[in-house]
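Copied over from TrEMBL, here are the features:
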SITE      HIS29  site 'Important for tRNA non-discrimination'
DOMAIN    137-435  domain 'Aminoacyl-transfer RNA synthetases class-II family profile'
BINDING   GLU168, ARG214, HIS329, ARG370  L-aspartate binding site
REGION    192-195  region 'Aspartate'
BINDING   ARG214, ASP215, GLU216, GLU363, GLY414, ILE415, ASP416, ARG417  ATP binding site
Amino acid sequence: MKRTIIKDTVNHIGSTVTVSGWVHSVRKHGKIAFLDLRDRSGLIQAVDLTGKAVEKVGNEYAVEVTGLIKKRPEKMVNPKIITGTVEMEIRELTVYSKSLEPPFPLDDDGYRINEETRIKYRYLDLRRQRMLDNLLLRSRVTTYIRNYLTGRDFIEVETPILTKTTPEGARDFIVPSRLQPGNFYALPQSPQQYKQLLMVAGLEKYFQIARCFRDEDPRHDRAYGEFTQLDIEMSFVQQEDILNLTEGLFTEMVGKLFPEKHISQKPWPRLAHRDVLKKYGSDKPDLRRDRKDKNELAFAWIIDFPLFKEQSQDDFFYGSGRAKFAPSHHMFTAPHPEDILLLKTDPLKVRGQQHDLVLNGYEVGGGSVRIHEPQIQEQVFDLIGFTKEQKAQFEHLLTAFKYGVPPHGGIAPGIDRFLMTVLGEPSLREVMAFPTLSSGQTSVLDAPSPVTEAQLAELGIAIRAGKKKSKKAHG
């Protein structure tokens, strides 16, 4: 079968072609019937002059249609669709498979439909044009990133998904080991330690479109469970090198993939954390000149963060108040060279070489120059109250640091959050194919779910009956 993509039918006026897709709608006018056929490239109107061919079809049927492509009369042109200057005269129609009536309409934006229903039938929800467009743009963004970075000698490396639980600031998802009963893997909160080890290994320029997993409470701008980030790390660099690379990538990408958007300030402003809090009351300021302009993008760098904050009971990953300090970012961020001596005398005054990327009031990325000297890393561990047992969890990193570590640093912009912000979507879930709801329920497959007693026995795990925790979905 030689199939023609619907958007290409405009190039075949006067020819008979075969198109395949889904029935978007059927309209009958006396003996004549009109069928709107849809594939991922667009819609085309097909005309059934006898009205008999479309009698066997309904909305969302998967079909193949062969017909003559004809130019529409001037007054019948439809500028709202990509094939609005042509129509297809049906010669033959084959039904591949029938469809039940969908549980919700697919010809609108879907915002008013109950989200749990949309998630349950996500394979149908993704047929709506807005969702399809979002996924197509997401694919183009990741492709652009790969081409941009590989063109600058970066190496794409996949780091492990099964890793070790370490105190990095969020709850881990843990995975039991069958081969080593009583021991557990953790899903990575980020590739942070692996990418630093790759710098020790001498790769110098690394990137990855990385899946990250964190058992954090969700918000509209933070997905529950898993998300995707662009992970970058470089050796023999200073903070300025990281900022320049990132700014160049996103500025060029916006111009090529989102030509309707305009960046309000070039180069992007660089603002000290203390000054931003004083002026805007937030370290994620919305710097747009006109907030009604949906095409304005106000990027900004926030720098000179404090390396530490006062530790509280909430910092249970570090010391739950046992020590005076907790890291503002994470424990691998390097102190500002001018502030090294303050680590011993006044740690709260130490500036970290951290940088956050802010866009229209959202933090869309963060990174830092990393500690590359073992003694400074040990000093930071002591200041945040790490016990010997907690330090032992990072022994692999401290050992690697004894073998010639280059100065290194990086950044990790969030793919989901960047797209949500640029596209003006109300939630990260609108730019993800199969997101998880705020309640922890996954799309379509409805995880988490119970496992069998046999599976638990094989893992050496027994479930103790307890009070079931209910959590109202939100965000």
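The backbone N, Cα and C atoms fix where each Cβ goes, glycine too.
TrEMBL: automatically predicted annotations, no manual curation.
Recorded features from TrEMBL, shown on the structure.
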| residue | record | DSSP class |
| --- | --- | --- |
| HIS29 | site 'Important for tRNA non-discrimination' | strand |
| ARG214 | L-aspartate binding site | strand |
| HIS329 | L-aspartate binding site | coil |
| GLU363 | ATP binding site | strand |
| ARG370 | L-aspartate binding site | strand |
| GLY414 | ATP binding site | strand |
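Taking every pair among ARG214, ASP215, GLU216, GLU363, GLY414, ILE415, ASP416, ARG417, the residues listed as contacting ATP, the largest Cα to Cα separation comes to 19 Å. The two recorded residues ARG214 (L-aspartate binding site) and HIS29 (site 'Important for tRNA non-discrimination') have their Cα atoms spaced 55 Å from each other. Looking only at other Cβ atoms within 10 Å, the busiest spot among the binding-site residues GLU363, ASP416 turns out to be ASP416.
Each of the recorded positions HIS29, HIS329 was scored by the number of other CB atoms within 10 Å of its CB, and the largest score is that of HIS329. A Cα-Cα distance of 24 Å separates GLU216 (ATP binding site) from ARG370 (L-aspartate binding site). Among the binding-site residues listed (ASP215, ARG370, GLY414), GLY414 has its Cα nearest to the Cα of HIS29 (site 'Important for tRNA non-discrimination').
In this structure the C-alpha atoms belonging to ASP215 (ATP binding site) and HIS329 (L-aspartate binding site) are separated by 18 Å. Residues in the region 'Aspartate' (192-195) partition by DSSP class (helix H, G, I; strand E, B; coil) as 4 helix, 0 strand, 0 coil. If you count neighbouring Cβ atoms within 10 Å for each of the binding-site residues ASP215, ARG370, the highest count belongs to ARG370.
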